[in-house]
Amino acid sequence: MREPLLQLIVLSLIIIVVNTQFESGRLCFCKGFEAVEPCDCSKPQTIDKLNNHRIYEKVQKLLKKDFFRFYKVNMDKTCPFWADDRQCGTNQCGIAFCDDEVPAGLRRRNAVNMEAAAVKEEEDDDAEKCADAGNNIDPMDRTLHDDEKRQLDAMDHHDDGLEDKFCEIEDDESDGMHYVDLSKNPERYTGYAGKSPQRVWKSIYEENCFKPDPKFDKNFLTNPSNFGMCLEKRVFYRLISGLHSAITISIAAYNYKPPPPSLGQFGSQMGTWFRNTEMFAGRFGTKWSWEGPQRLRNVYFIYLLELRALLKAAPYLQNELFYTGNDVEDAETRKAVEDLLEEIRAYPNHFDESEMFTGVESHARALREEFRSHFVNISRIMDCVECDKCRLWGKVQTHGMGTALKILFSDLPHSHYKQDSSKFQLTRNEVVALLQSFGRYSSSILEVDNFREDMYPGESVMNTAADGPPRKSNKIDL
């Protein structure tokens with residue numbers, strides 16, 4: 001009798017604590033004893049102020065550079081877990097996918113010597129075919145200019161240090177690998193909904209071998225919780241929840257309202273992009289679930305984890321040339337990287353990876369390997385996403401998170417690496433994915449502040465920032 005009563009008391013306390021997380025005075029987040037805790041926005045060390053005042057503008061400036069804009073990816077890999085015909089549930093979430101539209105300089109090496117006239121003819125034909133297909137709301141842009149092709153041919157390089165991978169690694173020279181300009185394909189609403197994304201997220205949460213109840217059911221997917229887990233299991237859960245939540249924030253921040261049906265298919269009015277505060281409040285508030293604010297905390301947790309990975313990789317990044325063939329821009333990129341690292345170094349409250357995978361060596365190694373292998377599977381699940389743009393960003397973000405985990409955990413004492421193995425190697429694609437992933441979480445935290453101002457006027461941390469990014473209106477012009 002005492003045990004159920006104790007559990008009820010603990011649950012009640014949890015609900016009370018969580019319900020205070022969105023009350024005035026506790027709207028921001030700070031580094032806590034283990035991870036992230038709600039705190040007063042007036043505190044100087046809030047993660048919100050770090051990001052919105054000091055980090056956000058610098059990382060966005062960096063991601064506009066050629067070295068970081070282009071990501072090499074195979075968008076045609078088969079889903080390894082179930083049959084997938086890549087047909088979206090609506091005609092709004094599909095996008096045009098035309099391999100031959102990719103410029104000759106970025107195709108596989110045996111196609112580079114094709115005659116320019118033939119290539120141009122193929123590209124024109126494919127572009128015409130693509131014009132009538134795919135996502136009507138936000139199609140994926142695969143175009144590259146000639147000077148961009150030449151730079152990318154020179155800037156792509158890779159290494160052999162892939163033994164400790166935390167995500168599915170694609171061979172840069174394999175068939176199907178093509179460059180995508182991420183600046184032309186921002187993460188936002190695409191209309192992708194229904195059974196397909198539900199199946200993907202169900203599989204991702206099922207891949208979480210650390211869930212409290214070994215028998216997975218829909219209640220865990222609806223209201224997942226890390227209550228009762230050890231540190232490593234809580235970290236794994238937070239990675240999944242934080243990824244899910246960051247994607248939801250992007251969709252809510254860049255949501256789409258279609259034109260009135262009365263206009264018909266010949267109507268000239270376009271739909272409206274807007275910030276969907278109601279969607280944000282429903283997902284991250286406490287109206288429907290006490291778990292809402294916890295989901296936000298997991299976004300901040302991944303932000304701190306990737307911030308720590310960037311700090312740990314700082315010596316490597318400082319020696320990187322970030323070569324694109326444009327000497328002026330390459331120098332600007334190196335300066336932008338150093339400016340970002342300087343801000344990261346100044347922050348005192350970083351994630352501490354040394355607390356993980358400790359104890360008996362054999363158990364720690366087994367737990368670390370289980371952690372690694374299950375995260376690899378999550379990265380593979382991204383090939384099962386039917387919406388191309390959603391799949392692209394799913395692959396980028398899991399690749400970036402996997403790179404962060406590789407940096408943080410590959411040189412721990414119980415790793416299969418030697419104790420003094422501090423000179424890890426990264427591919428160009430890993431560096432791009434890590435910064436792009438960090439950029440997504442940085443943007444999410446800024447958007448949280450925009451939503452915070454909508455829901456609690458005057459509580460935004462940006463109200464006190466004279467040099468921060470301008471606040472967005474509820475209606476978004478793209």
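Quick reminder: no glycine exception, Cβ is built from N, Cα and C everywhere.
Note that the structure is a prediction, hence the values are computed from the model and not measured.
Annotation comment: Swiss-Prot describes 1-20 as signal peptide.
The disulfide bond annotation in Swiss-Prot covers Cys28-Cys41 (among others). All protein chains shown were included, and the count of other CB atoms within 10 Å of the CB of Cys28 (disulfide bond) stands at 24. When secondary structure is read from DSSP and collapsed to three states, Cys28 (disulfide bond) falls in the strand class.
Residues within less than 8 Å, Cβ to Cβ, of Cys30 (disulfide bond) and separated from it by at least 6 positions along the same chain comprise Val36, Glu37, Pro38, Cys39, Lys43, Gln45, Thr46, Ile47, Asn349. What Swiss-Prot lists as disulfide bond is Cys30-Cys39 (among others).
The disulfide bond annotation in Swiss-Prot covers Cys79-Cys384 (among others), and the record cites similarity to another entry as its basis. The C-beta environment of Cys384 (disulfide bond), restricted to residues of the same chain at least 6 apart in sequence and closer than 8 Å, consists of Cys79, Pro80, Phe81, Trp82, Asp84, Arg199, Val200, Ser203.
As annotated by Swiss-Prot, disulfide bond applies to Cys88-Cys93 (among others), with the evidence given as similarity to another entry.
Residues or ranges marked as region 'Disordered' in Swiss-Prot: 117-143 (among others).
What Swiss-Prot lists as FAD binding site is Arg188, Thr190, Trp201, Ser241, His244, Arg283, Arg295, and the listing cites similarity to another entry. Counting Cβ atoms from all protein chains shown, Thr190 (FAD binding site) has 25 others lying within 10 Å of its own Cβ. Under the DSSP three-state reduction, Thr190 (FAD binding site) is assigned to coil, being neither helix nor strand.
The disulfide bond annotation in Swiss-Prot covers Cys209-Cys230 (among others) and rests on similarity to another entry.
Residues or ranges marked as N-linked glycosylation site by Swiss-Prot on the basis of sequence analysis: Asn377. In sequence order, Glu207 make up the list of same-chain residues 6 or more apart from Asn377 (N-linked glycosylation site) whose Cβ falls under 8 Å from its Cβ.
The feature disulfide bond is assigned by Swiss-Prot to Cys387-Cys390 (among others). According to its DSSP assignment, Cys390 (disulfide bond) is helical.
For 459-478 (among others), the entry in Swiss-Prot reads region 'Disordered'.
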Alpha-carbon distance [Arg295 (FAD binding site); Cys28 (disulfide bond)] in Å: 14
Pairwise Cα distance for His244 (FAD binding site)/Cys390 (disulfide bond) [Å, integer]: 12
Extent of the FAD binding site in Å [max Cα distance among Arg188, Thr190, Trp201, Ser241, His244, Arg283, Arg295]: 22
